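Heads up, the thing below is written out as structure tokens.
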Amino acid sequence: MAEIGLDAITKSYNATVAVDDVSLRVGDGEFFVLLGPTGAGKTTTLRTIAGLEMPERGRVTIGGEDVTRAAPAERDVAFVFQQFSLYPHYTVYDNLAFPLRAPARRMAEAEIDRRVRKVAEQLHITPKLGNQATRLSGGEMQRVSIGRALVREPAVYLMDEPLSSLDAKLREGLRVELKHLQVDLGATILYVTHDQVEALTLADRIGVLHEGRLLQVDTPRQIYNDPDDAVVAYQLGAPAINFLPADALGLDTPGVASGAVRPEDVTLIAADAPADGSVPAVDATVTQVERLGPEDVAVFDWHGHTLRALLTPGQAISRGDVVALRFEPDKIMLFDARGRRVRRGADRNTAAGHGAGPMSQRADTGVRNAG
Amino acid sequence: MTQVSLKAPAIRRLGGGTGPRQRVRGLSDRALAFYFVLPSLLLLLAINIFPLAWNIYLSFTNYRANMPGFPVRWVGDLNYARLLGSEDVWAAMQHTAHFVGWAMLIQVILGFGLAWLLNRKFKGAGLFITLIALPMMLSKAVVGTFWTYIFQPQSGIFNYIVNFFADVGEFTMLGNADLAPWALILVDTWMWTPFIMLIVLAGLRSVPQDLYEAAEVDGASSWRQFWTITVPMVLPFLMLAVLFRSIECFKLFDMVAELTSGGPGSATELANIFLKRQAFETWRTGYAAAFAVILFVTTFGAANIYVKFWTKVKER
Ligand SMILES: Nc1ncnc2c1ncn2[C@@H]1O[C@H](COP(=O)(O)OP(=O)(O)OP(=O)(O)O)[C@@H](O)[C@H]1O
Ligand SMILES: [Mg+2]
């Protein structure tokens, strides 16, 4: 296993800057997740590391060695492609065995067989080993594609949305399995996803990519609780964080354009209970209640702004109710006009100690993904 | 036109298929379909099926087209028995096999190679492909005629070029029993290699590039990528091209008629040339008809077996 280094990588296609000055270090044995919406440049970043794209500027290192100009085969990376890219004329077995049969590896057929069967077992595709690669469901193809990477012992694993075609149950199972495997092998994995649940559950560290730029790199907890950027705050957490213009929140700090509150930090005060004068509260109308299973989410309309709040199990509200909402002032994150975070003196401390409850719950709930 | 108000049931009826079959002015969908197909069916019957049947009938007779008054006698399988026992027929078949085999082999190799070279993006690739494809668009008789000039021993450019590289002196390509078959193969290759090239090029372009990327990351050499990705993906295309081409080669006539007319002697007497000589030079119409039936069955049978095989390859 080895570490990956990206130094100021820039890659553009004609007018599109797909990856814009990205620098990144993935430690040896680290599970690093690149999170970003579609078109953020995630695939391009992975392809650059694999050697399938040549960056215009910057340097790629693997295991400390400069591989910017090296051919893909020389880099010793395993790549799980977003579009699977299975060899259509081979069976599942031969697809899995393909990388091991590379002449450079000179592996005995018995050893190949052992590895292929082990990986097939791990990914629950043993009954499909004899199938033609084209005669599989999307989820099965995706698992074969993951398997083709796992049979190898490369310097690093690059995985491009490897769980995206699986159903929720299988995805949850494989997520756990993948994490186990990574810990067992001490593997370096650079994993790309647009799914914040995957990012939060799998990652040792998360990097949020947006329009080719790397906005923030941090641990899951830190990046959730203390985002540097409005986009980062928005990318993590489902239901998504509530953004409100500064004047609506009555904030008059210079340079602050908006404030954001996580749904779990919005407190509902019963409509008939007298508002506690010491804490500012607003009256909002319930427009919808989304039942997610473990918790419900209420959607409110407040002067034309849409707000979401988590409901605790006991709270029974329904459409049309007018409810008083309270935002804890110290839980409101402030952002400037360009979306960068504006910090108050105490922000770092409060953020670090907060939110363990909803955080861990979120991490275990695949259903949440819907947001 | 039948008058229908556009209400839901009417629309369903017009849509066909799904709803219950209803009669629109006494015509069911099936009958309507039949009447639409009928004209082309009749045409096919008149110009394809009838001549075929007539030909099969003639093959069992001693009919001679140049003697209309001659009494036509049913001779049973006599024509067939004679054909299968005739050395000339076997020679013609051998010439055909030699021609088809070598022409296909050379054209596949060259066509694949050209397609391989043209399958990368470079400026003017489109123009290049058009230029290479030009011979294919000429008439076969015209090609035959001008290649006779090219092959002329004294003034032809072919002799000049060969002598430029190897000092062999004057030779007659078309007049030499050893060289003439190769002249046919050469001309056919010149004309039809582009056809194979175009189809293989389409095949090469249909291979998803990400397969090569996956193979590259997996450490496969270019050679292995070629055999595990390119060949299986292009094979169905190539096989289709070979099918079309070999049927064409098998029934080749006009080009040979212009170039050698089967000569010298019978060195280039392909099956179709032999057939024409029997039918319109010796006027043994019944005998020629029997040979035509044999050729038809052979081509048809071989093509069918090949297509079955092709379907298997394609479905892999
Ligand atoms: N081969 C290409 N030619 C031109 N533009 C490209 C090419 N590949 C990617 N792009 C552009 O680069 C940008 C980043 O693409 P990329 O595939 O890296 O996004 P992504 O983050 O992987 O998105 P997704 O989640 O949809 O896979 C996009 O704007 C895309 O249109
Ligand atoms: Mg992508």
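Just so it is clear, glycine is given a Cβ too, placed from its N, Cα and C backbone atoms.
Record features (TrEMBL):
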type     : residues  : note
TRANSMEM : B:32-57   : transmembrane segment
DOMAIN   : B:93-306  : domain 'ABC transmembrane type-1'
TRANSMEM : B:99-118  : transmembrane segment
TRANSMEM : B:125-150 : transmembrane segment
TRANSMEM : B:179-204 : transmembrane segment
TRANSMEM : B:225-247 : transmembrane segment
TRANSMEM : B:287-307 : transmembrane segment
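Sequence-remote contacts of a segment are chain residues at least 6 beyond its ends whose Cβ falls under 8 Å from one of its Cβ atoms, and for the transmembrane segment (B:32-57) they are 289, 292-293, 296. For the transmembrane segment (B:287-307), the partner stretch with the most Cβ pairs below 8 Å, chosen from B:99-118, B:179-204, B:225-247, is B:225-247.
Sequence-distant neighbours of the transmembrane segment (B:125-150) (same chain, 6+ residues past either end, Cβ-Cβ under 8 Å): 114, 118, 156-158, 174, 183, 187, 190-192, 194-195, 197-198, 201, 254-259.
Sequence-remote contacts of a segment are chain residues at least 6 beyond its ends whose Cβ falls under 8 Å from one of its Cβ atoms, and for the transmembrane segment (B:179-204) they are 95, 98-99, 102-103, 106-108, 110-112, 114-116, 118-119, 129, 132-136, 138, 140, 143-144, 147, 151, 171-173, 230, 233-234, 236-238, 240-242, 244-245, 248-249, 252, 255-256, 259-260, 263-264, 267-268, 270.
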